[in-house]
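The annotation transmembrane segment is assigned in TrEMBL to 43-62, 69-89, 95-120, 132-153, 165-185, 217-236, 256-278, 290-312, 332-354.
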Amino acid sequence: WFRNPFTQTVIVGLCAFCAPGIWSAISATGAGGTLEANLVNGVNAFSLVLTATFCLIGPWIVNLLGFRWALVVATYGYPLYSAGLYYHQVSDKTWLMWFGTLLCGSSGGIFWAVEPAIVLGYSTPETRGRHMGIWITLNNIGTLVAGAINLGFNAKTAVKGSLSNVTYLVLIGIACTGPLWALLLSNPHQVRRSNGTPVEYTKTPINLLTEFKAMFYLAKQPTILLLLPLSFYVWFQQTYTTTFLALHFTIRARALASFVLGITCMLFASLSGLWLDYKRVSLRWRARGLFLFIATLGTISWIWAISLQASFDRGAITETLDWTSHLYVAGILPYLFHNALGFGVLTGFLPWVIAELTESHDDFIRAAAFAR
């Protein structure tokens, strides 16, 4: 049982819970839980540049280190990012924030490359949807748990500002366990699928230039290029929605939003995973149906968000929204839908589509890393 794909998916999910899950939870409170939205947006932009860069070389690192050690390395930077936010809050100094971001961004890029390769590469085609749902759900349990912690420590803070220091310390402690979970992972040759088929992956030495050539050969395929706007959307919306939250909502309202977001993402991830494994509908229409759902709800959410933003800009709404405000639900729903579509659906749906389009595990790792 320990070597089957389900257990490996749970291990990756636990790593996702401790690493990007906690990172997402802090981001979900708006501007990393601080009031200085511009500073944190700058830090996050730097982090994501590094993440994108290391994601591109992620397949080469996975080939070099193997899946287990690549996952260990992929989880070590996240606690330092949270520690940097905490240190800035207590000392007003930013050096640890930037250093933590450097390590978080680089390790995060490796995480982006290795997690779908394990979850969707280890599983059989018939069970990929369920494994996707488990992986994304566990990732978002991190958001849910961290949101509950945020809410517990900040429930009485009905003004704008930063999260309590204790909140950061608890979240840092959870994030530190990520590498320990990663050590439990089995490498491809150790995995035992229920249908008896092996995971087709051969660890062979390959130089970085050859890896890039193989990746960009795949990247030129129209089927991969057409997925890039969706991949772009996942991260484009987050900066706006978290800044909107930090500027217009009280601390406890933001903490409640991060808690509810965890529930919403888990629901979206579970239902989308079940839908993608629903055999009574053809594979093509399962993919099209989920895309139409994303496009429809995403469009409605953006129209709603633009209307809200216009109301703030022209002064029609002047109050800082708290959970006691009659506008709270209307103000928070676009944020929930945007992020649930991005982190509850698209982060799993995109690798699922790529897994169905590519012919080998090696090609899947490269194409998924490029798209992410």
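Each Cβ is built from the backbone N, Cα and C atoms, and glycine gets one as well.
Of the candidate ranges 43-62, 132-153, 256-278, 290-312, 256-278 has the most C-beta pairs within less than 8 angstroms of the transmembrane segment (332-354).
Against the transmembrane segment (132-153), stretch 256-278 has more CB pairs under 8 A than any other of 43-62, 95-120, 217-236, 256-278. Within its own chain, the transmembrane segment (43-62) has Cβ neighbours under 8 Å at 27, 32, 70, 73, 81, 84, 97-98, 101-102, 104-110, 112-114, 117, 206, 208, 211-212, 215, 235, 239, 362, 365-366, 369-370, 372, counting only residues six or more beyond its boundaries.
Residues 230, 233, 240-241, 244, 248, 272, 275-276, 330-331, 333-335, 337-338, 341, 345-346, 349 of the same chain lie 6+ residues outside the transmembrane segment (290-312) yet bring a C-beta within less than 8 angstroms of a C-beta in it.
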